[in-house]
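Quick look at what Swiss-Prot annotates:
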type: ACT_SITE; residues: Tyr95; note: active site, charge relay system
type: ACT_SITE; residues: Glu135; note: active site, charge relay system
type: BINDING; residues: His85; note: heme b binding site
type: BINDING; residues: Gly268, Val269, Gly270, Gln271, Thr272, Pro273; note: NADP(+) binding site
type: DOMAIN; residues: 1-136; note: domain 'Globin'
type: DOMAIN; residues: 150-255; note: domain 'FAD-binding FR-type'
type: REGION; residues: 147-396; note: region 'Reductase'
type: SITE; residues: Tyr29; note: site 'Involved in heme-bound ligand stabilization and O-O bond activation'
type: SITE; residues: Lys84; note: site 'Influences the redox potential of the prosthetic heme and FAD groups'
type: SITE; residues: Glu388; note: site 'Influences the redox potential of the prosthetic heme and FAD groups'
Amino acid sequence: MLDAQTIATVKATIPLLVETGPKLTAHFYDRMFTHNPELKEIFNMSNQRNGDQREALFNAIAAYASNIENLPALLPAVEKIAQKHTSFQIKPEQYNIVGTHLLATLDEMFNPGQEVLDAWGKAYGVLANVFIHREAEIYHENASKDGGWEGTRPFRIVAKTPRSALITSFEFEPVDGGTVAEYRPGQYLGVWLKPEGFAHQEIRQYSLTRKPDGKGYRIAVKREDGGQVSNWLHHHASVGDGVHLAAPAGDFFMNVAADTPVSLISAGVGQTPMLAMLDTLAKEQHTAQVNWFHAAENGDVHAFADEVSELGRTLPRFTAHTWYREPTESDRAQRLFDSEGLMDLSKLEAAISDPAMQFYLCGPVGFMQFAAKQLVSLGVNNENIHYECFGPHKVL
């Protein structure tokens, strides 16, 4: 526990942190990668270049300082970050490196004096121990499962299937021929790659896209403009190639009773965790209402449409609605969509009126903000809305 003086000293630095903003974390990362370049093998350098990770770390530091005397308020954020850390195989000793550079950054940018640095050192130590303890639990849980493992495990690609102009699915099976650990629908897989020509090892998290079967895993990857890993997977990865995988993880998952109605709301590649949820609901013959609401640019980039239809037909109470923002003439001729333009949930108010319904959202942050605002305006409780951000977390 932190003493009152330490808490007061840390909280007194909040105005300085807010005034400095993400420049603080930019300095921190630049310093850390200069002194410990081996960490470039772990961090997503694309998120470093676009600033997303720097903004996310700043928000986390500011949130910790603001809630330092109320750590339970931070536990949801701790769980989200700890789950992601296990996908990167973060180790306790790496927290010492981060702590060293965080304190050095505070000293170099603000010269706040030893009392402030000591207070932040104590505060960081408490938070680091919370993460280390929770991550140790997750590592143990993953290794103890049937088909589970520690660290990373070699797999090979056994299927590569284009699903749209931008999305391709990949299926993996373990090289050792053993079983693989189950996961909760909505969780992701840690994919570790360092192909020829990559400056650093790259680690990405991709949502699992079907119900666990104990034999292997399936993900689906959108080819991003300028995306190093997604373009390599689309253009160079082949059936038979090897990859290393970290065990499934993530704090976003579906956990509902058979009589709980569910709405799965997505845009673009945000449908990937929803596919695992829908597959699970279908395989378990979910008896309550299931809604599948999806938005895409047009039919060229709309993936898994046939699979969703097939799964939906097996459910006793299923409603699907698809929006195309800019449908092609072919889309119109084939009637591949239900509505044109942006997703408008007010048209389907009757399908989402049950107060017990749980809503799962995934897609671009702007889309999720747009959809969540509509749901709240239609009377949905915020507690019933669950969402996943691809990349560093953002608050809707």
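Each residue, glycine too, has its Cβ placed from N, Cα and C.
Mapped onto this structure are the features recorded in Swiss-Prot.
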{"residue": "Lys84", "record": "site 'Influences the redox potential of the prosthetic heme and FAD groups'", "contacts (Cβ under 8 Å, 6+ apart)": "Gln205, Ala249, Gly250"}
{"residue": "His85", "record": "heme b binding site", "contacts (Cβ under 8 Å, 6+ apart)": "Phe131, Glu135"}
{"residue": "Tyr95", "record": "active site, charge relay system", "contacts (Cβ under 8 Å, 6+ apart)": "Ala128, Phe131, Ile132"}
{"residue": "Val269", "record": "NADP(+) binding site", "contacts (Cβ under 8 Å, 6+ apart)": "Leu166, Ile167, Ala220, Val221, Lys222, Ala303, Gly363, Phe390"}
{"residue": "Gly270", "record": "NADP(+) binding site", "contacts (Cβ under 8 Å, 6+ apart)": "Leu361, Cys362, Gly363, Pro364, Phe367, Met368, Glu388, Phe390"}
{"residue": "Gln271", "record": "NADP(+) binding site", "contacts (Cβ under 8 Å, 6+ apart)": "His294, Ala303, Phe304, Cys362, Gly363"}
{"residue": "Thr272", "record": "NADP(+) binding site", "contacts (Cβ under 8 Å, 6+ apart)": "Tyr206, Ser207, Leu208, Thr209, Ile219, Ala220, Cys362"}
Could you put numbers on the helix, strand and coil content of the domain 'FAD-binding FR-type' (150-255), residue by residue per DSSP?
8 helix, 46 strand, 52 coil
What does the structure give for the C-alpha distance between Tyr29 (site 'Involved in heme-bound ligand stabilization and O-O bond activation') and Gly268 (NADP(+) binding site)? Integer Å is fine.
31
Taking 8 Å from the centroid of the Cβ atoms of Gly268, Val269, Gly270, Gln271, Thr272, Pro273 as the cut-off, which other residues in that chain fall inside it around the NADP(+) site?
Ser207, Ala220, Lys222, Ser266, Ala267, Met274, Leu275, Cys362, Gly363, Phe390
Residues near Gly268 (NADP(+) binding site) by Cβ (under 8 Å) yet at least 6 apart in sequence within the same chain, in sequence order, are Lys222, Ala295, Ala296, Glu297, Val301, Gly363, Pro364, Phe367
Reported in the order helix, strand, coil, what are the DSSP residue counts of the domain 'Globin' (1-136)?
113 helix, 0 strand, 23 coil
Name the secondary structure element type, per DSSP in three states, that contains Thr272 (NADP(+) binding site).
helix
List the residues of the same chain that sit at least 6 positions away from Pro273 (NADP(+) binding site) in sequence and have their Cβ under 8 Å from its Cβ, in sequence order, or write 'none'.
Pro185, Gly186, Gln187, Tyr188, Ser207, Leu208, Thr209, Phe252, Tyr360, Cys362, Glu388
Quick one: what's DSSP say for Glu388 (site 'Influences the redox potential of the prosthetic heme and FAD groups'), helix, strand or coil?
strand
